[in-house]
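Worksheet: the structure to be examined is printed underneath.
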């Protein structure tokens, strides 16, 4: 029964992902065959292993659909629900914060952020009342150690380096630095200081423009992908954290040097890396190489976010 439920969850997730891709109109149709049929690992994670990662990602994709429909409050509610299932969804949070500030300014974004925080408090209230220290220390344990035997992305490192605190801090610094670079140089292109995002949109020098579907999806997917690239460890079930976003990241940004064949090759190597068990130095290195190619084309893309203006719709 549980496997049947997760099979339905898999189909629902695909529908939510297809709705997102339909609104962006960037990925060629033939790519969806590979998304649906070519990943043994993803099918295993959903229907055989019954991990909670797919549940979190289904809620996350639902929240993105709500953002695309300009239902920001309901989207933040679903986003917080996704975080309550699995904290990996927080990798999308920097992108979401940027979008909220762009759309509403600092004061306007506060109610949306309050929705996210309030839902976490409500869901955690039974545990906070019983054992607040234990709940907070274990539920949000950002310093926990991962087992080297399960790592997919750092197998080529000695275990001592993999477990060293300095290595973890270096990854965190690289993660935050690259997020800042993308926010300053790729996401924010109005010509004003990025601090202008704190102002009410009506008071900015550059007239406010409605966010396009591609801007919303690009920023959220890129924010998550940067976090994946600098994760301390990736276990096999973590593949669903970004599997459904890879076609968009590879095809939505114009890059003449990256042909259709090369993009499919990148997808294939990523899939092969995640299907290699146990992971090897070569599979881990190949995964990082593919991630580097995706990051490079995201950075070098001449027009990451289209300038066309969508008709503004009522925001909630």
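The count begins at 1 with the first shown residue.
Quick reminder: no glycine exception, Cβ is built from N, Cα and C everywhere.
What TrEMBL lists as transmembrane segment is 7-24, 30-51, 58-83, 89-106, 166-185, 248-270.
When the stretches 30-51, 58-83, 166-185, 248-270 are ranked by Cβ pairs under 8 Å to the transmembrane segment (7-24), first place goes to 58-83.
Sequence-distant contacts of the transmembrane segment (30-51) (same chain, at least 6 residues past either end, Cβ-Cβ under 8 Å): 2-3, 6-7, 9-10, 13-14, 17-18, 21, 236-237, 239-240, 243-244, 247, 251, 264, 267, 271, 274-275.
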